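S.K.: One structure, as structure tokens, below. Some questions next.
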């Protein structure tokens, strides 16, 4: 062996030793922390989205101070105001007119003045009423104007106001006082003295305008468990319409299929041996029916989604951007999540996308259940969107945002971390193809979506509100229902109205109907509505005239007027329904967005019902109307307690006006029938309990815009597939870094006072 060969072998040996040392030194070393690379904003962060922003705590406080010093009447803090007092019921942002906003956003006009909408209850007046004021300009108000008559055509009668926490506390005290009149009955029926029972409100409250008469259902209360599935069979009717709380009284009692005039009459009937009593054992242990306590110790952690280089979306104030999307977000204390100025690739697609109402309509053979038609907006869909639990309600690494509101108090409140924003890997290709013909290649794009989420807890039900933005320009809106069912005491022919889910529990059937507003601006404000569907035509085969075939063809129709575009809830929509702009795409078709509804609603309340007009939006799966500033919302918080003379009746919006080349609004209803079953215990799962809709580009672009996504994968050989330059999946940074996870903290209980009012949805 010559010297040169020996030297080469020595160098190779040294290189091998060096490589082995490197492997040994790095083996077992924890991966480094992922380096966050903030995305570059895709649109200028100039603060323009603040024209839609919710009020800050400071602005809310300023409005309260201004009203206290400017109205010339005594105002009691709503947290302790009696019905006979004057108080500030709520304050929210007063959004400017759309024309003003567009002049500011698009035309270089002045920023509209920032204003608030204040709702006041005037109980200490000769003519008690609800009055709404616009207060401005913020941050330092100098004026207010009464807009009640302008909005509603007259004063809002006082009996239409939502029931306040103070009123619920007074009703609870009244019920407790009355329960003491039947001690022997309660001891036998329920092993209770009445102090350990929970009550649940129903609504609406009577049978005609002016009534304020509510059934309250009683349940066994167990700390840490949903009492909603533990009815004892007792329900009471409370008359609470008088301004003087001392004049409220209990007018009827229901127990096990029978009605009584008072608790004293019920007790007397029981003592006389004339009452059939169903003994309901008092729940004792933590594993009582309805308990959500874990039954097994924690196991190994499940999969965790994280961003190797930090979030690829950007949030500033009330504005989020993500891969071409730009969205302003907020939360209405009554109606819940609302989004504005939704743009894709700098073009506005939607001016407003907002939740309007959630209806839950029940059936039962008990008075509380059979009379219930909850309109959740009157209770506060946004107000009761509490803190989200990291890693359960949203991905652990999502961005969490606080929301502020002022309702039933002079002090602003904060629901911290009550809205989350995250990028979601759907573990599904958005599109893909494996070619095994002509040439071999693979091309695909993973489905990644931006999600804006809030969860409203409306006493027993929890609604998960999702707004999703896809990389092909599509918008998806979805709601999942979970939480506890509301139940009745099982007696008689109970199974005509649901299923028995416990020893004495009837899971009562009910409808969930959700209403949304979508103000579309497709290639500008002036849009039209086009329906497309299919038919078959029979023809002779041109190449073989002795044979025939059935050829599908496309029917196209322009819907010209509102009545044509009001689709009944139980009628099918055209398979393709598109909102078209004035300009064509490259191929000569009108640039459009298609509406696709995913829903399986129950039947709407019959038109003959005296309260149907209050929920007349539920008549329609879809109604398209010309946009009007005075038709800002499809319902009102005042409709719940006076559905017989609704403050806002959506049916009046549809008056057969032309909808061709106009600024259009789509009002969309989604929902489902829920017949509770054994698997709804302990509570309802989200699986299968979701509905929603899509807005999908339809000839809006010249090709699928996701072709520009940086997440695309393409290779035509094994070498390409394994090369970082052509396939980023081949060199995922997850092999070299670990996510920085914030510590788990939760403060969602800090802003809540117990015991809760006897509400319930």
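Cβ from N, Cα, C; glycine included.
The feature active site, schiff-base intermediate with substrate is assigned by TrEMBL to 461. Residues annotated as domain 'Copper amine oxidase N2-terminal' in TrEMBL: 73-143. Residues or ranges marked as domain 'Copper amine oxidase N3-terminal' by TrEMBL: 161-258. Residues or ranges marked as domain 'Copper amine oxidase catalytic' by TrEMBL: 305-706. Among the features that TrEMBL reports, 2',4',5'-topaquinone is placed at 461. The signal peptide annotation in TrEMBL covers 1-19.
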S.K.: Work out, from DSSP, the number of helix, strand and coil residues along the domain 'Copper amine oxidase N3-terminal' (161-258).
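M.R.: Looking at the domain 'Copper amine oxidase N3-terminal' (161-258) with DSSP, the answer is 29 helix, 31 strand, 38 coil.
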S.K.: So how many of the residues in the domain 'Copper amine oxidase N2-terminal' (73-143) end up helix, strand or coil by DSSP?
M.R.: 9 helix, 26 strand, 36 coil
S.K.: Take the Cβ of the residue listed as 'active site, schiff-base intermediate with substrate' and count every other Cβ within 10 Å, whichever protein chain it belongs to.
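M.R.: Looking across every protein chain shown, the total is 25.
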S.K.: Restricting to the domain 'Copper amine oxidase N3-terminal' (161-258), report the mean pLDDT as a whole number.
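M.R.: Computed over the domain 'Copper amine oxidase N3-terminal' (161-258), the mean pLDDT is 96 on the 0 to 100 scale.
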